[in-house]
C-alpha cells in the first residue's frame, strides 16, 4: 500500500501518573497480564495469579481483587451494566470436577474484605465444563448483552467447539448449547477457535467463528442453530475484530479481510504478519510484525479516504484495548502506550499546509463533521483554486458552501463580466436552495438579460412549465423583467404568484392591452377583482369606460351568479363591494360615474350605501360644470382630425370666424340642453327618493339643500322646503324671483289650514305686496278675495299693510272692507241679542235662588213620581218639586232619581273643565290651531277656567 499517503493524525498522549508520556501497569499488579477489557470509563486487567485490577484514566489502580485461585483466562467489561464477566482457573482439590469456571461480578456492589482490600460482589459462578460439555482448552471468549439481564456468552475451544450459555446468569436461569465448526480440510482434527464476533440485525442473532483455516457464521435465532461456512481461510488469535457496521475483520499476512453475512467483502492488501487487529472510531488498527527487524509497527488506516492516519514503531505488544477515546497498548514488559487522535483543526491545518484540500474535504465528510466546518474547508479549497485561476473548479467548491458561507463573499469574486457564467451558476444554485435574497434575484435576472439567454430565463421563471413553488422574490423578478423588456416573463411570474395587481400593472402601463386586462379582472374572485379595479380603475375608465362600468355593475350587484343570492338580499349586499368604493376612479369621467350609479340604483333597491349613492348622483345631476372629455379612441381621432384641419386653415392664412361662432353656438345649446336634462333627472331623483309614503328620504336632506342652493337649483329647493314644511322659505324663493303668480299659487297650496298648511303665509304675502313699491292691484285683489273668504287677516291689518305701498289706491280694498264691516256689524248685533238673553236668564235664576232661601216651599203632589200611585207616608219631597214613596227610592234617599242624570252631567262637565285648566299643552294646541286665538282665550274665561287660579301657601306660615 505504498500509494497511500501517511499522515500523523494521532499522537502519543501523556497518561502517566507523573504527568509524563510514559505509563505502566501499576506495581500493585504483580502477576503477568493475561487479558484486558475496556468499558464504562475503566480498564480491567486479569493476571495469571488470579487477580483482577481496575485501572482509572491515569492508569492508577482503583482497586483489585482475587477473582480466581489460579489465573484469569478471559474477562469482558459489559457496556450496559457495570458488570464484569470473567473466565478463570480455580484450583480444586477434587480431580473429578473442572477447575475452569465463569464468574459474574457486580462492580456497583463492593463488599469489604478487611481494612486494606475491597472486592466486588460475585453474582454467580458457573462451571464451564460438565459431563455434556467436555473440558478443552479455551481459546476465545465473547459476551453479548441482550435485553438486560439476559446475556449470551460464547466460549471458543481448541477442539473446534463453541460452548454457549444464554439467560439470566445471576439467577442461573440459563440455557446451554454447543456449536461446532467444520473439520480441517486435510481430515485432521478440528482447529481451535481463534476468534468470535456477534452480529445483531433486528431480531436475528448471528455469531462469527474463526479458525486458522475457516470463517463460519452461525444463525442463533433459528433452532437448531444453522452453520454457514463463509471462507476456507482463517487467522491466528488476536487478529480478529468487529467493525462498527458489525462486519467481521480478520488479519492475515497477505491482507485484511472483511466478512458480511453473505461472505467475504472488501479486502485490503496490507502486507505483514498481523499480530493484532482492531477497530477504533472508523479506523482499522493493525500491529504488524516485521520479520526482518523482529519489531512491531502500529498502523492506523483510514479506509474511506485511503490513507494511513498514523504509523509508529512499537515494542512487544501483549494486549490492545480502546477506552476513553484512546488506543491503549499494553506491552509485554507492562509498559502502556496511549495514543489519541488529534483534533480536527490540527489535522486540517496539517493538510492545508500541504495543499491537500481534497484529502481535507474527504476527511471532514467521512468523520461527519458539522456542516460549518465542512463549508470552511470547501471555502479554503475554493480560494486555493481561485488563486490558481481555475474558476470553474473554484465555483464548484463554493456551490457546496451554500447555506453556510455568506453569498456576498463568492459573488464579489465573480462580478467581472468574464466570469458571468460562473456567477450565474452560483446564483441559480442559491435560488434552488431557497436562500436567495431580493438582490440575488435581481443579479441573476440581470445576468440572464446580459447574456440574452432566453432559454435559461424561461427555465428560471417558468420552472418546468409552472410546476413547483417560486424560489425567488416575486416583486424583484417582475421589476427586473419589466426593466429589461421581458414583459411576458414578468406577467407569468405575477400570475403564478397570484399578484394580480402586478399582472394588471404590466398589461395596462407597459403593454396597453386594456381588453385583456378587463377579461382578466372578470375571471378573478369578487374581492380580488374589487381591489384591482380600485387600483387601476382610472386607466380602465380612461380607455375602456363602457366595459369598466359593466364589470363594476357585475361586481356590485353580483348579477353573474344568481345562485349566490339566496336568503336575505340585504345580507347578501353586505358581502359585495359598495359602488362608493369606486367613485374615485371616475374623477376624470363623471358622466360614466353617473351612468354607473344610475344603473346600480335600478338593479339594487336596498343598498346599504344608498344614501351616499343618491347624494353623489344628485350632485352629478345638478352640477353646472360637468364636463364630457373625449375618452374613446374614436373621439380622440376625431379631435385630432379637427386640430389638423384648423392647423391647415391657419397655415393657408384662412380662418372662418362665422363658422367658429356657429360651432360655439351649437356647443352652447348642447351644454344648456344637457344641464336641463340632468336637472330634470335631479328633480325626479329628489321626488322618487322621498315619496309621501316615506318617513325619511334616501338621501341626506341637509346636503341636498346645500347642493341645490350652491348650484341655484330652484326646483329642487322648492321641493325640499315644501317637504320640510319650511313654507316661508318657499315664499322667499318666489319673492326673489318676483314671480307674483307663483307666489299666489304657492300660498293657495301651502296656506290652506284644512290641508295642514300655514295660513300666516297670506299675511306675509300681503306684507310683500305692501312693501313692493309698484302697482300690483290685480294681485292684491286676488289675495284679498282669498283672505276674505278664509278670514285669515283682520281688516285693520290689511289697511295698515297696504297703506305702505304708494302705488295702491283705496278702491283696491274698498269693496272688501265694506263687506267685512257689514259682516262685523251683523255679528255684533247677534252678540248683543245673545247678551240680553243670557242676562234675563241669569236674573231669573237669581230670583229663584233667593226665593228658595227666604220663602217656604209648598209640596202639593198627591202621586208618587216613580210609581204614580197615591202618595202616602212615609214620603220624601225634593226641592225640585218631585215627591216619592220612601220605598220607591231604595237606598238613595238624598238624590232625586229624575234630576240626578242631569246633575251628574253638569258636575262631570265642571270637573272636565277643571282638568283642562291644568292641561296647558291642550290650551296651547287649541290656541295654535285656531284662526282666532282671542276667541279661544275668551272661551276659557267664559267657562271660568282661567280665572280660577290657586295660590300656593308660603313656606313657614
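Start at 1 and count along the chain as shown; that gives each residue its number.
Glycine is no exception: its Cβ is also placed from the backbone N, Cα and C atoms.
Checked against TrEMBL, the range among 786-820, 821-855, 856-890 recorded as coiled coil is 821-855. Residues 795, 879 of the same chain, all 6+ positions outside the coiled coil (821-855), place their C-beta atoms under 8 angstroms from a C-beta of that stretch. The average pLDDT for the repeat 'CHCR' (398-549) in the predicted structure is 81.
Helix, strand and coil content of the domain 'RING-type' (864-899), in residues and according to DSSP, is 4 helix, 7 strand, 25 coil.
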